[in-house]
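Engineer: Under the heading compositional bias 'Acidic residues', TrEMBL lists 299-310. Residues annotated as compositional bias 'Basic and acidic residues' in TrEMBL: 322-333. TrEMBL lists 124-252 with the feature domain 'TFIID subunit TAF5 NTD2'. Under the heading region 'Disordered', TrEMBL lists 299-353. For 381-422, 454-489, 496-527, 538-579, 580-613, 622-654, the entry in TrEMBL reads repeat 'WD'.
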């Protein structure tokens with residue numbers, strides 16, 4: 001339009017770019033030097049819309065839905081080489097090329113023509129925004145049922161972008177009326193985002209708001225069938241509704257699939273995250289979800305076993321153990337990663353001893369199922385006025401640790417055996433190093449107590465994790481550090497500084513040595529105990545990383561985030577190999593099934609979602625909790641999934657039934673047409689109330705007794 005043209009010409013003149021000014025003037029047929037004189041109208045399809053968006057298709061060279069390339073908004077310097085929209089329409093040598101999913105306009109004789117200054121970000125008449133939006137809304141609501149559900153996904157991202165565009169261009173009153181008129185139409189699970197959005201009423205507010213910056217820079221992903229997409233495209237082109245079409249082109253990524261449109265239930269199950277759904281491409285990479293081969297060694301029989309059991313009893317006792325553990329170690333799982341894919345620490349003698357103990361315990365393990373539910377032992381933290389913020393229990397269930405808001409870490413012994421520190425160096429030098437009980441002698445009996453308090457953090461402790469060999473303990477805190485503590489001396493060995501903001505969670509690898517942390521800076525970091533710096537930084541989440549979990553084979557890490565997505569990362573190369581969307585609130589708990597095939601996730605929306613890692617699909621939804629789920633754990637053989645929540649209950653679910661008869665045919669995998677059972681109550685095996693204790697941790701002992709923990713809250 002004329003104003004833009006005049007402004008650009010004035011800019012060119014001020015910048016001493018005479019040549020560009022001349023070309024532009026010639027192309028736009030502007031006469032003489034009179035900038036404010038009569039201006040021939042430039043052919044645009046609707047007043048106030050940059051004509052670049054309305055370029056007609058050029059002799060089959062590219063499709064006609066052409067937007068402005070997103071990079072083109074940035075550089076004011078480029079304005080010097082700017083061709084007016086009219087030039088683009090009339091220049092015989094211009095051709096349209098396709099870059100990604102956004103078309104860019106290239107003029108051959110002027111290769112540097114970028115696009116429009118960010119000052120001309122405004123592309124539509126602010127008073128018409130409500131009309132555009134209500135027009136589209138009317139069109140979608142009147143379309144056939146099968147398309148309506150899919151096209152309704154457009155409402156939210158378009159609403160946000162149109163609102164932000166109005167705010168950005170300082171049309172504050174129009175923005176306010178637009179928000180008030182349409183915010184009630186958005187899906188209920190976007191309420192929190194809309195609350196943040198409603199507080200952004202001035203351009204200045206947008207600068208500091210990371211969530212909104214992300215929304216503007218990352219493309220919102222919608223998965224739509226080809227038929228629905230064609231319908232939308234036709235409507236927008238007929239109505240010449242370029243404002244909306246530009247937003248679709250520039251800020252949305254439409255993942256088009258061939259086949260039947262998805263139903264409302266299927267879409268609702270998968271949407272709700274900050275950036276829409278995951279692109280189907282994101283879940284195509286191969287994931288080695290199988291378990292690593294167990295090292296083989298003989299299991300010596302204990303003297304007690306021989307005395308305590310008759311001759312027939314012995315082989316019977318040992319047989320199930322041979323099946324459980326032996327079968328794993330003999331043949332390699334076809335889905336397992338190569339044994340040496342990532343370097344894992346070698347087994348020490350003490351580890352082998354522990355494995356032997358583990359096998360013996362496994363031989364006496366209770367087989368759980370719908371007919372045989374586990375007993376639950378609940379550890380209640382009483383008078384925890386310091387504020388309990390994290391709990392962990394050792395694999396052999398001998399110690400429990402609590403992280404507290406007063407920045408202390410407290411370790412308790414849960415067995416009659418007290419916690420003892422190693423003697424001082426002077427005393428150690430007196431010990432006979434050759435004696436059989438040297439490991440006993442180095443411990444100082446005078447220090448024996450059932451509770452040890454570890455001081456060092458300078459803020460609430462949000463995550464704790466014991467190492468598999470029980471020699472170390474990790475804790476992470478609001479102070480931005482992860483600390484490694486020795487459980488021999490009960491002192492801090494290392495403070496790992498990498499996160500600049502609070503660290504919400506940390507966890508040791510099942511093989512020890514490696515650990516992961518996630519925090520408010522939106523990244524997860526992989527560390528090794530003997531390195532000060534992180535080995536990998538996993539970046540991609542759009543909000544805080546709230547929880548982290550290692551896959552049982554230690555080759556992958558799952559992270560849950562406040563952006564309402566779960567990502568699976570490859571430890572080897574740091575790539576993101578899975579993105580799971582479907583939760584309607586921040587994720588707070590993750591659990592892998594013991595066989596490594598499935599992942600369970602819990603969030604503030606009170607739902608537990610089940611995922612098939614190999615196919616990258618949601619395979620189940622467990623409804624029942626009424627508040628945030630902070631704890632999830634599979635039983636040792638994977639038959640039962642336990643979930644613990646802020647609603648003061650522990651619930652047990654039938655994991656075998658949840659994962660049997662999965663429909664993972666190629667079509668489902670390709671399009672994400674998931675069919676979740678209507679009722680998850682068939683899978684619920686039991687609900688156990690506490691008096692008034694939110695459940696923050698769950699742990700199955702080696703014999704499948706379920707331990708739960710939380711702090712009693714009096715209100």
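Placement of Cβ uses the backbone N, Cα and C atoms for every residue, glycine included.
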Engineer: Mind checking which residues reach the repeat 'WD' (496-527)? Cβ under 8 Å, same chain, six or more beyond either end.
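Structural biologist: Same-chain contacts beyond the ends: 344-345, 459, 462-469, 472, 474-484, 533-539, 541-550, 552, 554, 557, 559, 561, 569, 571.
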Engineer: What does DSSP give as the helix, strand and coil breakdown of the repeat 'WD' (454-489)?
Structural biologist: 0 helix, 19 strand, 17 coil
Engineer: With DSSP helix as H/G/I and strand as E/B, how many residues of the repeat 'WD' (580-613) fall in helix, strand and coil?
Structural biologist: 0 helix, 20 strand, 14 coil
